[in-house]
Amino acid sequence: MTNIRKSHPLAKIINESFIDLPAPSNISAWWNFGSLLGICLIIQILTGLFLAMHYTSDTMTAFSSVTHICRDVNYGWIIRYMHANGASMFFICLFMHVGRGLYYGSYTFTETWNIGILLMFTVMATAFMGYVLPWGQMSFWGATVITNLLSAIPYIGTSLVEWIWGGFSVDKATLTRFFAFHFILPFIISALAAVHLLFLHETGSNNPSGVMSNSDKIPFHPYYTTKDILGLLILILMLMLLVLFSPDLLGDPDNYIPANPLNTPPHIKPEWYFLFAYAILRSIPNKLGGVLALVLSILILAIIPLLHTSKQRSMMFRPLSQCLFWLLVADLLTLTWIGGQPVEHPFITIGQLASILYFSIFLILMPISGIIENRLLKW
């Protein structure tokens, strides 16, 4: 009798994806973030589902329904803060995952990489809409500022913004539709993640050395399942430390003030994970130019496979490219800091320089370093 794990149609899919999957024998902890993102998505869907049972998407009651969840619902406070801080953990894992892909040349799997970029856009859209739902000051003004950016699109901009708003300002219709989209998008993300995995399993995983590992594979279970469980424990520990000791550390105090269209907060800023893109947006004085730079700050990832000039896939043995990679990390941290600062001197200049450096690293410096390293190999 054949093992049910290998014969049953459903069990066979799970077996080939998580149990008998041939995996490279040398993949490091940087390969843990894919599974951690899956765990984050499950946590977000479950906590979000329970929050949706008590939340009301109406401008009059949204803020008080969130207060009600925290005060009156059994363990509502922990569900709410796990959801809010779970989003932060999600983005930490996402940035690490993308950084790993950049460092080790995983972007040469173009289909997997491009679906990953699509996933990133979808996750960012979901997080943005989720931030609007508590209907605090920063929720309302964040929604107003970010949706207003679409008015920079020539000819159709203004109509498009009013169509998204469902009126002439961010109001009840906007909140209701944002809640509907915020609810459905995680399931679309799940489907995209399955396609992401499907394409990944067509080629097999990359590994730190960047060379083919077909001659040296090990089964995913028990080796990498055990390793992933360790990653999961660390993730849960970090999330619960955040939730139980400083749940509002990454939030904005302005969001504890109910939304008021007549009173603008002194500094409108998005959640921390969007600050780098927000800084790039603000560094360009022209509205349309800023919006284009904002979109390109993520979309630039799509052309990275075309700009790969090195004969080696991974940066493991490429010191010049390694320096540029860590310069990029430092630049992103600088942009994140600038995004949270007021628009005044010297922050404007620092933001503009950091934005120029961000695009220069991808478009000019990385390809040049690849060519130089190829030359050095001939010596």
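Glycine residues also receive a Cβ, built from the backbone N, Cα and C atoms like all the rest.
Look at Swiss-Prot and you will find His83, His182 tagged as heme b b562 binding site. For His97, His196, the entry in Swiss-Prot reads heme b b566 binding site, with the evidence type similarity to another entry. Summarising the annotation, Swiss-Prot assigns ubiquinone binding site to His201. According to Swiss-Prot, the transmembrane segment annotation covers 33-53, 77-98, 113-133, 178-198, 226-246, 288-308, 320-340, 347-367.
The structure, with features from Swiss-Prot marked on it.
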{"residue": "His83", "record": "heme b b562 binding site", "DSSP class": "helix"}
{"residue": "His97", "record": "heme b b566 binding site", "DSSP class": "helix"}
{"residue": "His182", "record": "heme b b562 binding site", "DSSP class": "helix"}
{"residue": "His196", "record": "heme b b566 binding site", "DSSP class": "helix"}
{"residue": "His201", "record": "ubiquinone binding site", "DSSP class": "helix"}
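Fewer than three CB pairs closer than 8 A are found between the transmembrane segment (226-246) and the transmembrane segment (347-367), and contact between the two stretches is not assigned (pairs 6 or more residues apart). Taking Cβ pairs closer than 8 Å, the transmembrane segment (77-98) reaches residues 30, 33-34, 36-37, 40-41, 43-44, 47-48, 50-51, 66, 69-71, 116, 120, 123, 127, 130, 235, 238-239, 242-244, 247, 250-251, 271-273, 301 in its own chain, all 6 or more past its ends. Recorded stretches compared: 113-133, 178-198, 320-340, 347-367; the one with the most Cβ pairs under 8 Å to the transmembrane segment (33-53) is 178-198.
Cα of His97 (heme b b566 binding site) to Cα of His182 (heme b b562 binding site): a span of 23 Å. Among the binding-site residues His83, His97, His182, His196, His201, the residue whose Cβ has the fewest other Cβ atoms within 10 Å is His201. Ranked by number of Cβ pairs under 8 Å to the transmembrane segment (347-367), the listed stretches 113-133, 178-198, 288-308, 320-340 are led by 320-340.
For the pair the residue listed as 'ubiquinone binding site' and His182 (heme b b562 binding site), the Cα-Cα distance reads 29 Å. Cα to Cα, His83 (heme b b562 binding site) and His196 (heme b b566 binding site) are separated by 24 Å. Using a Cβ-Cβ cut-off under 8 Å and counting only residues 6 or more beyond its ends in the same chain, the transmembrane segment (288-308) has close neighbours at 98, 102, 105, 107-108, 110, 113-114, 117, 120-121, 124, 149-150, 152-154, 276-278, 280-282, 355, 358-359, 362-363, 366-367, 370.
A straight line from the CA of His182 (heme b b562 binding site) to the CA of His196 (heme b b566 binding site) spans 21 Å.
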